Amino acid sequence: MLNKLIERENLSFEESYELFNVLLNESEMRIAAYLVALQTKGLTADEIAGFAKAMRDNAVKIDLGDVTDTCGTGGDGSKTINVSTAVSIILACFTKVAKHGNVSITSNSGSANVYKALGCKIPETPDDAKKSMDKTNFAFLFAQKYHPALKKIMPVRNELKVKTIFNILGPLANPANPKYQILGVNSSELCDNVAIALSKVGGIKKALVVYGNGLDELTPNGTSKITEYDGKFDTYEVTPKDFGLDYSKIIPCESPDESAKRLIDVFSGKINEDRNFILMNAAAALYTSEIASDFLDGVEIAKEAIESGKVLKKLEEIRNV
């Protein structure tokens, strides 16, 4: 398959699935060659899907029922609060959330970093995650604990210091096999391919793949692109006005501790730019999970959860597991 990639020929879903498993037993040099050849050629939906399905199949198994995930690829280089973590806690007030996350690679506040800064403990085992889900409607699945098969591949990826397919696989490889997912990507071109890949991996009833003017989130200060999947595909653009919100600035964030403090400020009812950023993305997640009928409804549901104290109470439940 390496020669095929060098000739810039695309792999099928089945070939991509096979290649992932081949890489688990290859030398570091050949792993690097495959990853660079694949990236140089350009990734297709079938290749992303084949790798993602193989990554899920090699993951530590966990069954949490019908869950939603809120996760982004990262890699946008932005210094923002961790919106997906805030959204996941709001969402857990209404439905089961399996948040697949990791430590930061390119940002100042990866989801695992912020989760810990919020005073929450990362479940050590699948049984611990199930206990958390049963008690709180929420489980944090720390990626490093669920993908031991990548132990040989990740040092090569890190040493290469260039983008590879693994930069976008994390959100597609949630071992809980989410039924609903809002997934942020770091380039507009990825929206359609990642949505198609999600549909091919299987198990998804509804998903939104979003890109927000340089962010792997919906942006509160401009136009965002969404590719929606619910058995069919639909691509469209939105602005804060579609959510009944004003445009607002994105305030830089310098650390996980700062991100956690600012999330708690919003959960406590503080009205500021962060609130709009979080409400917009929470509304999209509530719509994705079929809790809200549309984005406007999602904003109202999220506002009520914050203003009534439900979200702060949910955070306290998660802290106390």
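Counting starts with 1 at the first residue shown.
Glycine too: its Cβ is placed from the backbone N, Cα and C atoms.
Annotated features in Swiss-Prot:
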BINDING   GLY72, ASN102  anthranilate 1 binding site
BINDING   GLY72, 75-76, THR80, 82-85, 99-107, SER111  5-phospho-alpha-D-ribose 1-diphosphate binding site
BINDING   SER84, GLU217  Mg(2+) 1 binding site
BINDING   ARG157  anthranilate 2 binding site
BINDING   ASP216, GLU217  Mg(2+) 2 binding site
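Geometry remark: GLY72 (anthranilate 1 binding site) versus ASP216 (Mg(2+) 2 binding site), CA distance 6 Å. In the three-state DSSP scheme, HIS100 (5-phospho-alpha-D-ribose 1-diphosphate binding site) falls into the strand class. Counting every protein chain shown, 15 other Cβ atoms lie within 10 Å of the Cβ of VAL103 (5-phospho-alpha-D-ribose 1-diphosphate binding site). Remark: of the binding-site residues THR80, SER84, ASN102, the most isolated position is ASN102 (fewest other Cβ atoms within 10 Å of its Cβ). If you compare Cα positions, ASN102 (anthranilate 1 binding site) sits closest to SER84 out of the binding-site residues THR80, SER84, ARG157, ASP216. The two recorded residues, ASP216 (Mg(2+) 2 binding site) and ARG157 (anthranilate 2 binding site), have Cα atoms 21 Å apart. Comparing CA positions across the binding-site residues THR80, SER84, HIS100, VAL103, GLU217, the one lying closest to ARG157 (anthranilate 2 binding site) turns out to be VAL103. Spatially close to GLU217 (Mg(2+) 1 binding site) yet at least six residues away along the chain are GLY72, THR80, VAL83, SER84, GLY184, VAL210, PHE277, ASN281, judged by Cβ distances under 8 angstroms.
Annotation for HIS100 (5-phospho-alpha-D-ribose 1-diphosphate binding site): same-chain Cβ neighbours under 8 Å, separated by at least 6 residues, are ASP69, CYS71, LEU141, ALA143, TYR146, GLY170, PRO171, ALA173, ASN174, PRO175, ALA176. ASP216 (Mg(2+) 2 binding site): 27 other CB atoms within 10 A of its CB, across all protein chains. In this structure, ASP216 (Mg(2+) 2 binding site) belongs to neither helix nor strand by DSSP; it is coil. DSSP assigns THR80 (5-phospho-alpha-D-ribose 1-diphosphate binding site) to coil in the three-state reduction, outside any helix or strand.
Each of the binding-site residues GLY72, ARG157 was scored by the number of other CB atoms within 10 A of its CB, and the lowest score belongs to ARG157.
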